[in-house]
Amino acid sequence: MKPTVWHHLRLCPHGHPDETIDDAAIAVDETGTIAWLGALSALPHGYAHWQREDLHGAWVTPGLVDCHTHLVYGGTRADEFAQRLAGVSYEEIARQGGGIVSTVRATRAADETTLFVQAAARLQPLLAEGVTAIEIKSGYGLDLASERKMLRVARQLGERFPVTVYTTFLGAHALPPEYAGRADEYIEEVCDRMLPTLADEGLVDAVDVFCERIGFSLAQTERVFEAATRRGLPVKLHAEQLSNAGGTALAARYRALSADHLEFLDEAGIEAMKAAGTVAVLLPGAYYFIRETQLPPIELLRKHGVPIALATDHNPGTSPLESLLLTLNMGCTLFRMTVPEVLQGVTRHAAAALGRADRHGALEVGRQADFAAWSVGSLAELAYWIGRPLCEQVVRGGTTVFRRMNG
């Protein structure tokens, strides 16, 4: 690529609307790295002959980060939607053999090509909203071959699309039918066979567990964390979504990257997260879709200074959401977060939730030039509009990978 100066833009380099530069410029060298950024009037003379790209006054933010998704799976769970509307709870559907296990059946039956095509269709709307990094979990295979298949598809998405994909092994997502009544044996399979094999194949960047009364116990979760730690892999946790099971405090003991959901999180868990540097990942899409009523403890998270990230939690059963911008709106309207909080929640804090704050979530000299240009008058509009296409252009590594067509 040619060295380029992107100019005539309003810059929000760290995802905070109170830290901006009007009439700014970003100089990107031939490697796709930011060489300089600041006010256009201060652009050094050495960049005068570089190629120019006019952004016509657009707001520019770091590329967005969707730090919690289940993007790869077979089928849908649209049939369960009517059950929910009739008052059947998520837990009851799961106990009847629906929920996660129904998606497991569809995922096991699908080949890699089918899973890739379906996941690609889910990914593309996110890319058109400025997402340049995304986490994708396994967890709908629940056997070695099927978990491998999911993680391979996630890696392929990162190779075929202009987005950085981080994979998370979520073998301990649910108990597969063939292990009914034998949860400890299944956890042994996860720890002793599945995780080591998939890690050795280079398919795992982090390890997650669903710690809930309809998922896995604290003791079982700790066994998975121990296995991940032995492999040198960071951990994260689905925690306190349906009850206060104490999973967050356990995750903090293992210095988890993040604890996610957190509707029933208590102050002791928050204090443990703060001490461990664990990010709180809130998932308003799931809260909305299954009509939860217990709000996550936003005020306590603020009080203790725990960084808060937001994510789509895209999945077929509780959050079939393909819009990180709608997630921002939900964070404000449902969780009563501020605009600065939600914007940092999908940039700087989301990157930290992946353990990649040094690579994503901010625009700084020496970093890869991943950014999004927005046709808005103020950054608050990113959380304000519902359904309006706001992203004009997405740049990844200094190359335009998306441009909205007008007319």
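Cβ atoms are placed via backbone N, Cα and C, with glycine included.
Of the residues proposed, Asp143, Asp184, Asp313, the one Swiss-Prot records at the same Zn(2+) site as His68, His70, His238 is Asp313. Binding of N-formimidoyl-L-glutamate is annotated in Swiss-Prot for Asn315, Gly317; the matching candidate from Tyr47, Tyr140 at the same site is Tyr140. Checking the candidates Thr318, Thr327, Thr333 against Swiss-Prot: the one annotated together with Arg77, Tyr140, His173, Gln241 at the 4-imidazolone-5-propanoate site is Thr318. Residues His68, His70, His238, Asp313 make up the record's Zn(2+) site, and a Cβ search at 8 Å around their centroid adds Thr69, Lys137, Asp260, His261, Leu283, Ala286, Ala311, His314, Asn315, Ser319 from the same chain. Rounded to a whole number, the C-alpha distance linking Asp313 (Fe(3+) binding site) with Arg77 (4-imidazolone-5-propanoate binding site) is 15 angstrom. Proximity to His173 (4-imidazolone-5-propanoate binding site), judged by a C-alpha distance within 10 Å, picks out His238 from the binding-site residues His68, His238, Asn315, Gly317. When Cα-Cα distances from Asn315 (N-formimidoyl-L-glutamate binding site) are compared across the binding-site residues His68, His70, Arg77, His238, Gln241, the shortest belongs to His70. Looking only at Cα atoms, Arg77 (4-imidazolone-5-propanoate binding site) sits nearest to Gly317 among the binding-site residues His68, His70, His238, Gly317.
Within 8 Å of the Cβ centroid of the N-formimidoyl-L-glutamate site, not counting the listed residues Tyr140, Asn315, Gly317, the chain contributes His70, Tyr73, Arg77, Ile100, Thr103, Gly139, Pro316, Thr318.
Note: the CA-CA distance between His238 (Fe(3+) binding site) and Thr318 (4-imidazolone-5-propanoate binding site) rounds to 13 Å.
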